[in-house]
Amino acid sequence: MTLLWCVVSLYFYGILQSDASERCDDWGLDTMRQIQVFEDEPARIKCPLFEHFLKFNYSTAHSAGLTLIWYWTRQDRDLEEPINFRLPENRISKEKDVLWFRPTLLNDTGNYTCMLRNTTYCSKVAFPLEVVQKDSCFNSPMKLPVHKLYIEYGIQRITCPNVDGYFPSSVKPTITWYMGCYKIQNFNNVIPEGMNLSFLIALISNNGNYTCVVTYPENGRTFHLTRTLTVKVVGSPKNAVPPVIHSPNDHVVYEKEPGEELLIPCTVYFSFLMDSRNEVWWTIDGKKPDDITIDVTINESISHSRTEDETRTQILSIKKVTSEDLKRSYVCHARSAKGEVAKAAKVKQKVPAPRYTVELACGFGATVLLVVILIVVYHVYWLEMVLFYRAHFGTDETILDGKEYDIYVSYARNAEEEEFVLLTLRGVLENEFGYKLCIFDRDSLPGGIVTDETLSFIQKSRRLLVVLSPNYVLQGTQALLELKAGLENMASRGNINVILVQYKAVKETKVKELKRAKTVLTVIKWKGEKSKYPQGRFWKQLQVAMPVKKSPRRSSSDEQGLSYSSLKNV
C-alpha cells in the first residue's frame, strides 16, 4: 500500500511539475528564513508564502481553489521528493499552511518547498530546515536570539520564545529554566514565573545563555520544547548622555610643516541607546570630504564596553599636507538619539625653528678640542698635578704614626748598587726632598743580629724601596730577606708600602715573592743619564710613591747646583 502511494504521488508530482514548471513564480531559496530545531522535539513551520511573498492568507487562497503542496530536497541531494505524510503516528503532517514534525529527526534536515497552485496560477518558495543536536548543557551550533536588559533598571522579564501554537491554552505545560547548565532555583535576583523569567535588578553577572524547557502532553505522548536565548546586560537609558567628543579637543594642537602627513583622530563616546543610530563624520570648511578636491582618507574603528557603550574613532589623514590645507577648518561631528555635537580641531603650520648649524658646530668642536687638550695635559702632566695637590692639600702621613724613617732602602750589596744608593738616591731623597732614609749598612750598630735589626728597621719605616738588579735576586742574600719581610708586612698589617725601582733589567727569576711583587706593583725604571736630573720624571714618580710629608725642600740655588753636579759625576 505504501509503495503504491509513493508511485502515485511521484506520478502526479511529475505531472504537476511538468505542467507548472514554465509558468510557476519561483521565489527561490529563502536563506534568510533558515529554521533550526532540536532533534527529538516537535516543530511547526508555516509556509513563508503567506507571511512575506503573497498579499492574501491561506483561507483566502483555499477559498479561491488554490492547493498548497509540500515537497523537499534531502541534505546533499538535488532530487526533489514529495513529503511522506503516512509515517507511523503521523510523525510528519500538514494542517492548513503549517507543516508539523512530531518529533524531528536528524535526517529531516534539507530544503523544504511549499507550492500554491491551481490550473492557472502557481507560486512557490523554498526554505532550509536544519535539525541539530544538543548536549546536556544545551550547547549546540544553533544561532541564539539576543535579549537585552538595562543594567540596574528595576524588574525586567524575558519570555520563553517560539512556543505559541504547539499546544492549546487548556493544556498547562511544565516550564523549567536554566542558566547555562544550572537549574534556576533560589537565585538572588532571578525568579522563574512560568513562561517568564524575572530579573529584579539586572547586573553584568547576569550575562549568559538562558534555556527554558517546556514539557506538555499530546495524545498520550509527552513532548519537550527547548528554547535558548542569550541575555546581554546593557547601559541604562537613565544614564544615557549625548555623544561626548574626546578628540579633537582644546588641549591638542596639530602643528605640521608642508609636505608632512596630517593625522587627526575624532574619538566619540556613545551611551547605549536601544535602536539608536550612532554617526560620526568630518567636515572640511563646512563640506564633506567627498565634496572637496584634496586627497583625504578616513579610517574608522569601533569598540564596545561591557554594557555596549560604544566608542568610535575616525582618523582623518592627508598624506602630504599643503600650506592651504593647514589653513582649513576641520570639524568632527557626532549624532545619536540623544543629540548632535561638533568639535573643531586646532590645526596650524609649524614655524621652523632657527638653525644655528655653524654656531653649534663651532661650539661642539671647541668643546671636543678642550676635552682633548685636557686629556693630553693630564696625560703629560699628571705627575706634576698629583705632586701639586699633595704639596698644597695633602695630609701629612708622618704625624703620630710612630715611624722613625720614611724609607728603608733594600739593595744588593755590591759596589755599583751601593754607589747608586748612597750617592744618588740618598743625595736626592734626603738633600733635595727632605726624606729620612734608613740604609742598613749606614744606620745599623755593629755587633747586632742582622735579621732582628733588619726586621726592626723595616717596621720603623713607612716605605720599603727595593732597588732591583740582577744581583738582587741571588738566593740567601740579605736583600731577599728585606723583600720578604716588607711584602709580608704589607700583606698582613698594611702599615708599609713597597716601592720597586729597577736599577738594571732583571731577567726571569725563580724568587716567587719578587714575581708576585712585580705583578701587582708599579716598577719605576732608572734610565741612567736621563734620570739623573732631580726634576725629571723618574724622581717625580718616586715622589708620588713616597709618603706625604710637610717638610720644606732645600731651595737654595747653590745646594741645588751642587747636588745636580754631584749627580752628573756619578
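Heads up, the Cβ atoms here are built off N, Cα and C, so glycines get one too.
Between CYS122 and the candidates CYS6, CYS24, CYS266, Swiss-Prot records the disulphide bond with CYS24.
Swiss-Prot lists a disulfide bond between CYS47 and one candidate from CYS6, CYS114; that candidate is CYS114. Among the ranges 69-85, 239-255, 341-357, the stretch that Swiss-Prot annotates as region 'Essential for interaction with PTPRD' is 69-85. A separation of roughly 23 Å, to the nearest angstrom, links the Cα atoms of ASN107 (N-linked glycosylation site) and CYS137 (disulfide bond). Recorded residues CYS181 (disulfide bond) and CYS266 (disulfide bond) have their alpha carbons 44 Å apart, per Cα-Cα distance. Of all the disulfide-bonded residues given, namely CYS24, CYS266, the one with the smallest number of surrounding CB atoms inside 10 A is CYS24. Long-range neighbours of the transmembrane segment (368-388) within the same chain, counting only residues 6 or more positions beyond its ends whose Cβ lies under 8 Å from a Cβ of the stretch, are 537, 540-541, 543-544. Closest by Cα distance to ASN57 (N-linked glycosylation site), from the recorded positions CYS47, CYS114, ASN209, CYS266, CYS332, is CYS47.
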